[in-house]
Amino acid sequence: MPSLHWDRTLLGITCCAVTVTLWALCIWQLVLRFKTEPTGPVVPPCFCLNGGVCQEAACMCPAEWVGPLCEIVNFCEASTCTVNTSDSITKTLTFGRIIVGKYGNSKEKCELSTVNANTSIAIRMCSREGRIPTLEPPKILYCNEDLDSLASQVETTDFSHVSAIASNTLILTSMPEQLTPHNISAAANIAVQILKMPNISKDSQASVAVMTTVSQLLDASEKIFSHNNLLNVTASLTKTMEKFSLTGNISQPNVAIQSAPLKLSSSTVLFSAQRDTALGYYQPTKLEIQQNVPGLSSNHNTEVQILLNVINNSLSDNGRVGFVLYQNDKLFQSRIYQSRSSFSKQIVSGNIEGGRTSSVEIAFSPKYDTSELQLRDHACVFWDYTLSDWSTAGCAKGRDQFLRCRCNHTTHFAVLMAFQIKYKYVKPLEYISYIGVGLSTAGLVITIFFQIFTRKTRKLSVTWMLVSLCFSMLIFNIIFISGIENQNARNHSSNTTSSYQQYLPYDTASNTLLTSDMVDPPADSWCTAVAVLLHYFLLATFLWTALNSAHLYLLLLRAMKPLPGHFLITMSVIGWGIPAVVVAITLGATYREGKALNYRQEEFCWLAALDQNQNFSMQKPMLWSFLLPVTLILLFNITIFIKISASVIWKKNKNLTRNKKDSFMKKLIGTISIVVVLGITWTIGYLMLISHEDTSLVFSYLFCILNATQGLQICILYTFRSPIFRKKVSEVFPIFRVPEVPLHLHSKTYHVFKSQPAKHSRETFRSTQTSSESISLSTFSN
């Protein structure tokens, strides 16, 4: 008997070479991933206190704390105070923790018998004097007064009662999240009536209360402002605020006004707003008016600025100039420009009395997350009250370090911006993927041809089931390796800012009104087609693994029963038809013209899974059109695998002697054969969801190796191990000729004696029967 078994040697060498190569590449990639490369001076991570989060070497503090390390208190502690209510009743009021610059509501409520039942009876402001937050005296609500009654009173009241009405309006709007369109309409009407009163700016208490009310209205839900009934009242409010800006100087979190006398010699007036960080933490917006300046400021801390070029200044010294700054655009609801992001747009307005302007220059320095968003375009607009919408007439746009505008108007300017999400496009496939998928593709081609050319040596159903699985997997691998990368990634990798000029002189022609603040990436129909094909063929691959699972169950556990009628036709309709139905339903439910990202991702050509906030979305097709059916298939395959393993492969037979028992290696190979053909290794993908980054990365590479080489594994287990294949190889390549080695299987010898009474002679018949005591899974595939 020859000592060398070339078939086992060849198989061992092949498996070892592939395994060593892939694991070497895996280790190499892991080393590169975790290797610390010298990239200049290392910036030490910031240390944040009180729940602050370090982002880009700076602490992002919660609302209760400010400062470089989130070490400065930004709230007033819970407090109690004793006050006299409107009914001359002494009450003790209790307030919880209040954030600086916000009002806190008392825990005591109005009685159920009053108009404002269950409404807080008082509010209290937490303000800051230097570094120490302080509580202001509480404001008491008249529990039998609501916004409607206050709106009717303000039309006929005298000047002495205005302050009380303004204070009650402030209290009733102190919880913006609970305001309705009717509440906003009533509160806005009250604000308009009070601001129109003569000399109202001299009543500082009423003026501040009204401005605080407007600021609180701007904290209400933006959806409420889209109500048609609010169009006229918001227009009236903004016009009134513009006139009032000539007489007041008030700053609130969401709105601020600033005024100054207009000098006779003034040719320019500059209004600027910037954050004051002198104490190491953000203070309210610092407003400043300068006259006779040469131009716009170049200070990077300036958020917004507007420069009025004054002409025909009056000869008297009674001229005034006023400005209004809104921190969001909720009072300016456009029918054309739609907001899809949470980015707030500042609105600035200038008004001059006793002179005229030749032109206005505006500069905005918008603050947005540059790691998530990329500015693609902007438009300089003003609010046209005739159109009740934004207009670009008479405006030109420019850009340098600021977004600049030049207009012939003076009122309610804004810069409309269009952003694009900074998609993190996947890197080109790593060597592991290329080699693994390449070897799988070659193995699948060999397996398909081998199964077809040797189909007469086995059942037709076995050939058809395995060839269908290999074919769907082959097409998926080819499309994956050639089309998974989005073509937009190549344009993105060059320079993300090249598509939008960093410097742009004033230009009127390009200043067109935008329709949305979010811009979709360039349409890529090829990527959509690739996603559809990958979706279909991967679903088909998984479904064929389930059909092979059912087929193995019928062959191994119901071997004595014939296959159901029209078995191949039924399996083909299920294997190729159901994935087509799932893909068609998914496309019909999600895909729209110009909205391909409802179906697929932009980062690479595959099903969409995340929402705009980069959170996994239950509404995206990744869950219900792929993960859910694949999970059900894998659970079915695992169930059949356990059944076959326990009932066939690893079943113990006590009647067999030790030398007749199957070897451990033979059982192991049979188990691996089923694991591979049923795609059970795909369950490792769920382990990639582990939050620990290093652990998830290891499982990612393991998942990549096992599943990228699934076709190669099928080829080794179902083709290279076949006696027919080894025989053909030995005929073509004599060096691999396998010697005739007698292979003794488990056998039984039976002696049968037959006696013939006639002639008194004894005739003995001996019959030897050789049969396998275990079922080899390869007999069904080879």
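Glycine is no exception: its Cβ is also placed from the backbone N, Cα and C atoms.
Taking TrEMBL as the reference, the stretch among 55-76, 671-692 described by the feature transmembrane segment is residues 671-692. Helix, strand and coil content of the domain 'GAIN-B' (283-423), in residues and according to DSSP, is 0 helix, 74 strand, 67 coil. Most Cβ pairs under 8 Å to the transmembrane segment (462-484), among the stretches 431-450, 533-555, 567-591, belong to 533-555. Pairs of Cβ atoms less than 8 Å apart link the transmembrane segment (533-555) most often to 626-650, out of 431-450, 567-591, 626-650.
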